[in-house]
């Protein structure tokens, strides 16, 4: 594919994410999804849709051999957390802000969106010519490649909960202790992910859920797949409604330098380290999979997680600032992500040829 053709394909995939979020934003603006409805849909997503999606995707793709090979995900996630924390501290020094605002910057940089944007992007790329760059060999298929990528992204989300929650507990210095943070992590999606790991790594169990002769596939597994397929569209709709409900109510020009530093860190500085590092260390993984390289690169970018607004509600601080940050950074996500993905694909293409 030529450069402009590839850019057009990637931009279309990113635009789909933007349009889904915009639909949620309009629904909230029109009152179709009011705060009460949003709360109900969110509860449904957490209790039913997300667990079904996690189980059906991870259990099918994972096995013991793959699980052992996925140490780079934990390694790069840890690296990104450390780099994000250092950039937050550096930003606090450069901007000469207070310790609480420095902590805010650290949270905004470290807690990026790992799930909805990455998974949606992978699904959108499946039916495009760009998917050819992520295939292992001629026997690999777009469906299998995307399934692997989604599993990598979901496992990264699971690991990030354990890596980042203790940092959060220390930074906010309030009721969220490490013990309570751990308790909050024990929710339906986590139970589903743990169950998926157990089923996926035990062949006898896996054969009961997946495969042409699986007893549970026509009933339990198929139901979970159908429900899980609703997760990403619903999540993106909710993302749009949250952006509407949490949009800034006043202009705070004094906070714009902080927004600029967070955006610079999330969209440029961390990826500037992470993307080349993945490229140059790919031979260390003992596992040839361009999709794994792509997901590792994706983990370094993306805007602050929308759920960070809940952190500010919990502490009662920086609520307006977080709303302002999320609103403006998500506005610029689609065009920036398009060029970032283009860069990743070019590097992966070069890696496959070398």
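Using the three backbone atoms N, Cα and C, a Cβ is placed for every residue, glycine included.
For 1-15, the entry in TrEMBL reads signal peptide. Counting same-chain residues at least six beyond the ends of the signal peptide (1-15), those with a Cβ under 8 angstroms from any Cβ of the stretch are 121, 124-125, 128-130, 333-335, 337-339, 341-342, 345.
Annotated transmembrane segment per TrEMBL: 6-29 (among others), in sequence order.
Summarising the annotation, TrEMBL assigns transmembrane segment to 41-64 (among others).
Nonlocal intrachain contacts for the transmembrane segment (70-92), taken as residues 6+ away from its ends with a CB within less than 8 angstroms of a stretch CB, comprise 99, 101-103, 105-110, 112, 152, 155-156, 159-160, 163-164, 167, 258, 261-262, 265, 269-270, 273-274, 277-278, 281, 284-285, 292, 295-296, 299-300. Under the heading transmembrane segment, TrEMBL lists 70-92 (among others).
The feature transmembrane segment is assigned by TrEMBL to 104-125 (among others). Long-range Cβ contacts of the transmembrane segment (104-125) within its own chain (Cβ-Cβ under 8 Å, at least 6 residues beyond either end) map to 10, 12-14, 16-17, 20, 80-81, 84-85, 87-89, 91-92, 95, 97, 131, 134, 146, 149-150, 153-154, 156-157, 160, 164, 167-168, 171, 232, 235-236, 239, 258, 261-262, 265-266, 270, 295, 298-299, 301-308, 311, 317-318, 321-322, 325, 333, 337, 341.
Sequence annotations record features per position, and here TrEMBL assigns transmembrane segment to 190-209 (among others).
Distant neighbours of the transmembrane segment (215-239): 17, 20-21, 23-24, 27, 33, 38, 41-42, 44-45, 48-50, 52-57, 115-116, 119-120, 123, 208-209, 306, 330; these residues of the same chain sit at least 6 beyond its ends, with a Cβ under 8 Å from one of its Cβ atoms. Among the features that TrEMBL reports, transmembrane segment is placed at 215-239 (among others).
The list of residues near the transmembrane segment (259-279) in space but at least 6 beyond its ends in sequence, with Cβ under 8 angstroms from a Cβ of it, reads 76, 79-80, 83-84, 87-88, 91, 94-95, 105, 108-109, 112, 293, 296-297, 299-304, 324-325, 328-329, 332, 336, 340, 343-344, 347, 351. Positions annotated as transmembrane segment by TrEMBL: 259-279 (among others).
For 291-313 (among others), the entry in TrEMBL reads transmembrane segment.
If you look up TrEMBL, you'll see 325-348 (among others) marked as transmembrane segment.
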### Query
Is the transmembrane segment (190-209) close to the transmembrane segment (291-313), in the sense of at least 3 CB pairs under 8 angstroms with a sequence gap of 6 or more?
no
#### Entry: Tertiary contacts of the transmembrane segment (190-209) (same chain, 6+ residues out, Cβ under 8 Å)
50-52, 54-55, 57-64, 67, 154-155, 158, 161, 215-217, 220-221
